[in-house]
Amino acid sequence: MDTKSVQVQSPATPVYILRGHASPVHALHIYSQNLRLVSGDANGWIVVWDLVTKRPVTAWKAHEGAVLEARGFDVGSGATEIYTHGRDHKLCVWKLRPEDETFLNKTLPVDATESAQPGSKTQPWLLHSLPVNALNFCAFSMAFVNPDGLPAFPSQSGRPENTLFAVPNALDSGGVDIFHLPSERRISTIPSEQSPKTGMLMAVNLFISPSGDLYVASAYEDGHVMVFVHRGALKSASFEREYISNNPLKWDKLYAGRPHSQPVLSLDVAPSHGYFISSSADALIVKHPIPNTGSAGYIPTAGYKEESPLKIVNTKHSGQQGLRIRSDEKVFATAGWDSRIRVYSGKTMKELAVLKWHKDGCYSIAFGDTESMSSLVSPSSESAKQEPRDADQGAAGQTTVDGRNYSLATVQQQRNQKVQQTHWLAAGSKDGKISLWDIY
């Protein structure tokens, strides 16, 4: 037998380690065509990282308590909006413009002095601050809606008109509140189950079907997972205060099950909206269906009965959280209390890799977007590429300086494209470090 064929592959190693946080990293999100990463920690700090230079774009103390979730989106004209949810019971929306980056604070939390006061440094614009519940340790989920009530997504042309958030109810620990921006109002509540009592809401995911139906997948302290739906598109007029008062949203339960024996720690819905996966304090990872309201298997709330999950896998490793499904659905990953990051097949749910680097427990995972990566080119690099060409027009023979500028722009574009086309996996740990991996 060929000895080369039986050689054990060397363990995977991180591409880079970001050492900026002084406390556990609880939230990660890769955005801006894989060029930016936003991270949030247990002391309330938010850091926006440039994944090309691996340096901070800005850092600020966004919350007085731990950050539960952070999301970033490009909203046109080079601007970014950062959504953060903290244990100080605030859900904040921050705006970061390209022209602001030169004077925004870049001092990382690990370098900040104890005497530094929150807000004393220059930070991004605060657009909204919603009072929401954070006692459950359950992070928000969000979805963008166009004026016709159909799913939308921020782009270079701007942000959709309406944004919806799902968060735990302030009084009913098992209930789900739905908030709306820009009105900053609560528009609906899904009450907790009374029989059986599920305990606190532990994880929630809000999404909108192509027809405009509003879905909420939720997970609970007793191990239950459920799916609710509001049928019918919510057009812009539906968010008016008077309309909501006279026409409260009606919710039907499509699915419920209790595959977990311990509190559910995380769940994520597949981008195709065909299923979702949950992880728990037990060792199980479970794939669940998302019934279509028009399918033959749809059971109205009145005649409801519990259904079976699609697949249950006993991983033999308890305490896996931060579960995320990659955009192509080929793999998903979890962050383990045992300091391991585990990567699984999206189809078979078989364990594909165990990433070992951190010494302490891991809490959060983020994937880069793998969709249409070959065509990804950042707007800034594209404009940089074109400017020297314009300068050369009418100046034939005088290419010494302009030629050099063009070369620098080309190098920058190539660096951006390399980062954009990397299959990023980021993991945040109790040690405050973020490991960046290129995998599958």
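The backbone N, Cα and C atoms fix where each Cβ goes, glycine too.
What Swiss-Prot says about this one:
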| type | residues | note |
| --- | --- | --- |
| REPEAT | 20-59 | repeat 'WD 1' |
| REPEAT | 62-104 | repeat 'WD 2' |
| REPEAT | 196-238 | repeat 'WD 3' |
| REPEAT | 259-300 | repeat 'WD 4' |
| REPEAT | 315-354 | repeat 'WD 5' |
| REPEAT | 357-399 | repeat 'WD 6' |
| REGION | 376-399 | region 'Disordered' |
| REPEAT | 403-440 | repeat 'WD 7' |
Counts of helix, strand and coil residues, the repeat 'WD 7' (403-440), according to DSSP: 18 helix, 12 strand, 8 coil
Beyond the flanks of the repeat 'WD 3' (196-238) by at least 6 residues, Cβ under 8 Å: 136-143, 145, 147-151, 161-162, 164-169, 173-176, 178, 188, 190, 244, 247, 249-269, 273, 276, 278, 280, 282, 286, 288, 290-291, 293
Residues in the repeat 'WD 1' (20-59) grouped by DSSP into helix, strand and remaining coil: 0 helix, 24 strand, 16 coil
Intrachain residues whose Cβ lies under 8 Å of the repeat 'WD 4' (259-300), provided they are six or more past its termini: 199-200, 202-205, 207, 209, 213, 215, 217, 219-225, 227, 229, 231, 252, 307, 309-325, 327, 329, 332, 334, 344, 346, 349
DSSP-assigned states of the repeat 'WD 4' (259-300) in counts, ordered helix, strand, coil: 0 helix, 18 strand, 24 coil
DSSP-derived helix, strand and coil totals, residue by residue, for the repeat 'WD 5' (315-354): 0 helix, 22 strand, 18 coil
Mean per-residue pLDDT computed across the repeat 'WD 7' (403-440): 88
